[in-house]
Structures are given as C-alpha cells and as structure tokens.
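For reference, TrEMBL has these:
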TRANSMEM  B:6-27  transmembrane segment
DOMAIN    B:64-254  domain 'ABC transmembrane type-1'
TRANSMEM  B:68-91  transmembrane segment
TRANSMEM  B:111-138  transmembrane segment
TRANSMEM  B:182-208  transmembrane segment
TRANSMEM  B:228-248  transmembrane segment
Amino acid sequence: MKYTKALITSSFIAICATGALANDSVTIAVQLEPPNLDPTGGAAQAIDTVMYHNVFEGLTRFESDGAVVPSLAQSWDISEDGLTYTFHLAAGVMFHDGTAMDSADVVFSLDRARAEDSTNAQKALFESIASVEAVDPLTVKVTLSQPNGSFLFNMAWGDAVIVAEESIADIATNPIGTGAYKFSDWAQGDKIELTRNDDYWGEAPAIETATFRFISDPTAAFAAVMAEDVDAFAGFPAPENLPQFDADPRFTVLRGNTEGETILAMNNKMPPFDDVLVREAVSHAIDRQAIIDGALYGIGTPIGTHFAPHNPDYVDLTANSNYDPEKARALLAEAGFEDGFTTTLKLPPPSYARRGGEIIAAQLRDVGIEAEISNLEWAQWLEEVFNGKDFGLSIVSHTEPMDISIYANPDYYFQYDNPDFQAIMTELEATADPAARSALLAQAQTMISEDYVNGYLFELAYPTVVKAELQGMWENQPTASVDVTALSWAE
Amino acid sequence: MKGLWIGIVLTVVFLALALVSFVWTPFNIEAFDIPNKLKSPNVTNWLGTDQYGRDILSMIMMGARTSIAVALLAVGIGMAIGVPLGLWAAARRGSLLDELIMRGNDLIFAFPSLVIAILITAVFGAGAINAIIAIGIFNIPVFARLTRGAALSLWERDFILAARVSGKSAFRISWEHIFPNILNLMIVQGTIQFSLGILAEAALSYIGLGAQPPTASWGRMLADAQTLVSFAPHTALMPGGAIVLMVMGLNLMGDGLRDVLDPRIRVDRT
C-alpha cells in the first residue's frame, strides 16, 4: 500500500515536472504515407518526411535553412587535392537496437548504397566514391575518384544515412537508426509513431512521442486542423483555406519554399515532343501565373528552368518561355502541326497536379493541343509514367535538392539525351571552385531552358499550419523532412 | 396534379438548358479566366464563377447535358435489356428459363448499385461511357422484374387467351398485346429511374469516376467546391441546387404520371 502511494506521488511529481501531460507529445499530419521506411532504398519523399533526422542520421545533415552541418561525422579533413575525406565520427553513438555505430557501419552503408545491385534511388550521389576504409572505429577515410565539390552536401541527403548491417534485412518495416527517435509503430493507412530515444548521443529533444498521421484528402485535412485533431499539418494540401487559418488566432501559417521544381514533363523521345519546336510551343502556351493563382491561390514562385529560385546560383530564365499563345501557334505550324495534335496528360494525385492539369489542358487547347487528362494514383503514375515512360505530358514536382543532374540521365522518365549537357554535369562533379561551379550551373540551367526539355512551371511552396503554441516547425523544406527534434511546446 | 405540373416545368427547364447549351452558353467554359475566380453571383455571371473563373451558369448548363445524357442512356440500357428479359420470363413462366433470368436479375439486384458502379469504373477506367454502362446495368433488373410482374397478370386475361387460341406465338403476343399494355408502367418507372440515374451520375463524378474534365459535371463541381464552401458557398450551392431541383422535378413528374397513367391506381379510385 505504502509502495503504491509512493509510486503515485512520484509519478505525479514526474508529470508536474514535465508540465501538462499533453505537452510532450505531438501529432503531425502529412499528406502522403511512405510506401516503406527505408530512405536508402526508396525514391518516395514521404519516407524522408518521417524518417530524416528523426530516426536516421547521415555523416552530415541539412538544417532548416539548407545549410549542411556535421551530424554523425563531427568533423572532417579534406586533402589538398580534394580526393580524400577523413571523417571523425561522434563517440558513443548507439543504434536503437543497442549496437554501437562505428566506422564499420559507415563503410557498410556507403558500400551498400554504391554497390552494383543497390536499390538506392539516388545512386549518383555516391558515384564519385572510389573507396571507403575504416581507419579506426571512429575514423573513416573516403577516397574519391575525382574531386567532388558537392560531396558533403551529397552525404546530407536522406538517401545517404548510416544504417547497420545487423538490422538491414527488416529496414523497410522496422527501421533501426541512430536518431533521437525510435520507430515504435506503423498502422498502415493511418499513422506512424515515434518515441524518444533516451540513449540518444546528442542533445535530448523536448518531444517524447511523435505521431505522424496521413491525410491526403484536402477536406479531411481542413477538418482535422480546424478540430485540432492534429497539432500541425506539414504540406497542407488546400492552399485556398490558408487565409482562414491566417485569421484564426489558434494557428500559425508558415509559407515556406521547397526544393520542388514543378514541371510539365514532356516525353522527349515520343513524337511529337521529340521536336524541340513543339516543346517550345508548349512552353509558350503555358501561363504560369494563371496556374499559380488558379491551382495554388498565389503561393509559388515562377521558374524558367529546373533550379530553385532561392538558390544563389539560380538564373531567371522565365523570359525564355513567356506566355505567348500567338508564338506557340506559329511554332506549332512551323513544326507541321497547323491543326494541333492530341496527347495524354497523366496526373498524379497532389492538388497542384490535378488542378494545374485542368488549367494547363485549357491553355493548351487554346493553341490547338488537345491534352486528354487521366488522373492516376501514385502507384499507377510510377508504373506508367516514371518507369513505363508511357505518357505525352505529366505534371510533377521534383523535390530533391539540387537535382538538375537528372537531366544528364538519358533514361530518366522524360528522356532528355544531350551529350553536351552530360559533359557539363561531369565537369561540375569534378569542380570544387565555387565560382566555376556557379558558371557551370548557369550554363546547365540555360541549356535545358533553351532546349525546352520540360515546361517549367513554379517552385512548389510548402504551406504548414501549426498550432500557435508549437514551436520549431521547419518553414522551408531544403529536404523533405518534418524534424521532430526541433519541436517544443511553448509554456 | 399540382405536383405533376411543377415536375414537368422543372424537367422541361433543365432539358431546355441542356439543349440550349449545344448552341449557346453565356460564357465559354473551356476558357479559364483565373483573375475572375470565385466571384459571387452578379450581373455578368448570374450564378457567380468557380475556382477557375468559369461562369457557373454555363457550367450548370453543360453539366445538365452530361447528367441528362448519362441518365437517359443508362435508363435506355436498362429498358432495352430489362423489358425484353421480363417479357421473355413471363412468356415462359414457371420454366427453368424463367428461373434463370429472374435469379440472374436477383443476383445483380443483391449488390448495392453504387458500390458495383464504383467497381466497374475503377476496373474499366473512369469516364462518362463507363458510368453509363455501370448505371445502366443496375437498371436492368428493375425493369425486368416490373415487366415480368405486370406481364404475368396480363397473361391470365381473356384477350390474351383469345390471342393464344387464334394461334399467335408467345413472342407475338408479348410484343403486340402485352408490351403496349405495360408501357404506361414503364414510362412511370423510367422517370423514377431517370432521377436515380442523375443522382448516381452526380455521385460517381463526385468521387472522380464519372465524366472527366473538361466535360462539365454537377458532381465534380460539388467535389471541387468542397474546400471552398466556407468562403465561397455559391460554388457548392449552385450545382447542389441544380441536382436537387432536377431530381425533385423528375420525382414529382414520375409520381404525377403514375397517378395519371397507372391503370391500377385509376381503378382504385373509381
């Protein structure tokens, strides 16, 4: 009896010490559920949204402003020739299963990612690595085949996180990382729960349990936030409702930017889009501002090339493809399509694509191009468009940071094959000098803009609705992530 | 009688709107006018504009065309297949064939129609044609049962007996004597099924399985208006009102027609 009383008293004190009971948990809604939980094996951004920096950590990591900072690697030395990176790992880091994280795990992770049979979605990140050696348990030496100015940046991606050989078999359903949160439960179709890792090597985060809920329907999203069922909605799907949250003192609205270049993808190998005149005509037929206003209620920055406008190396090339339906008609006539043509417009589920698709179809119809809309689910889209390359037009947002290099891959779904561009990318990989890199990036941006590879629409904005008392939500998305470690409740 | 006239007026108005839309709408709904989006009803746009700046009155006219075409064709499929099946079953009443036809109909009837319509459009792809087929299939047993029931009682009547004695085949009797006598019933049921068809089309396009953009559809207008309803209620009220009025009109007309045409009710009254 006495014992029970003591227990009750002590737990009461514990509750008082951490403030109100509700204040150490957080429920965050996002639109998309990850297909699996392995950031090193899947392309879906939804995986990183939940896992990045919460469960898994890499050698370096992105901060909310896009800066690359030390993570598992506390410091590093770079050799004079830029070919050897010696990483000094943090001491005392444990995986969630209790095994120690040491240089062998780094060697394993990097070798696994760059292996011949690797399923890593971003293998290009690891292409310049020649060898990875463990010098001692806390030191790893990475040798590059050629200098790579963006190597530390590459290592910050969710695709480059450090995993353990012991737990790799089940990583897709039971992820074991080194992060401040452990994966605890996944109710498929509903939510994923993370709990605080009390053995975390770094600074302990404020939030004890985090629940990620998946709500893709805009109406349900609006209702969930209004009813305060969720504490935050990262990537709110209905921009038309944001003014209502602005006016409501219970909420704060963050209108952040993403690395999401939203493009009207054109199948560069399929007629008639193999003709640059047709692609140019399509680009001139599109009124970007109308799409931003109509589909996104004004949040979004027009882009003229595949590059993030907030990046210092961005070149504004929107003038190359200004809205000019007359010119579009003339170009179509020049290409031999006086009477226009019919093509497909395959749209994935996000509202920017569905709504943008309707607007773009109307704009294309105006110049004589009949785009037949078909609405696809993500799995269908990946199968038909991304892997099957069976499409004329599609709309999608490429949310990976600094992903202009996808244009150097002739097998990528829009199938742009230009040796000159590929040469620029190869040169860029080998260049470490910032000024030279800027020049090369400008050249690359201009080239794809002038080749009218795709219709460049806008940089996707990232609206987040948060309860006014919840602090630390990332406003911008330098990488897809909801960083729970940064969150805390105001007293 | 009042109900019948209200029903006829409402139905005729929507039919007229749909027909007029072939030659004229106040605005071209294929041209998006984003700067004019979400305007409340005003002098230029009588019913306001939607999220893309399209005139809602024009959208409703074009949507009426879609709704009516889908519902009419679906009822047509149901009648064209269901009525002959019912006549056939009645002609061979009590036989194995009768059992097969009617149990087959029961099988279709046993499924919730909208659920199967969703399945059909999900498998064969969304679109107006598949919506017509899906809704049409579920009209078949309705008409087959009704026809068989009415025809069975007719088969016992003396004038049919006379026709049989004079050597007419079952096919000719069904076509020449039974069918004309149950036509009233079919018109009444057709009107009711027509209104259900309008609802089913709206439901299918609401969940994105009906007519695809840019074809206008009341159901999709409602779906698009979902997130707008709190600050631009007219975007939901207008297509919603159109569905209500159209369905109400058809039901009133169906009820009224039954009072006028159905011989059984007429007999009860005398």
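Including glycine, each Cβ sits where the backbone N, Cα and C put it.
Residues of the same chain lying 6 or more positions beyond the ends of the transmembrane segment (B:6-27) and with a Cβ under 8 Å from any Cβ of it are 45-46, 54-55, 57-58, 60-62, 64-65, 67-69, 242, 245-246, 248-256. The list of residues near the transmembrane segment (B:68-91) in space but at least 6 beyond its ends in sequence, with Cβ under 8 angstroms from a Cβ of it, reads 14-15, 18, 97-98, 101-102, 105, 128, 131-133, 135-149, 151-152, 154-155, 170-171, 173-175, 178-179, 186, 190, 193-195, 197-198, 200-201, 210-211. Beyond the ends of the transmembrane segment (B:228-248), by six or more residues, the same chain brings 7, 10-11, 14, 38, 40-41, 47-48, 50-51, 56, 59-60, 63-64, 67, 195, 198-199, 202, 218-219, 221-222 to within a C-beta distance below 8 angstroms of the stretch.
Beyond the ends of the transmembrane segment (B:111-138), by six or more residues, the same chain brings 66, 69-71, 73-78, 197, 200-201, 203-205, 207-212, 215 to within a C-beta distance below 8 angstroms of the stretch.
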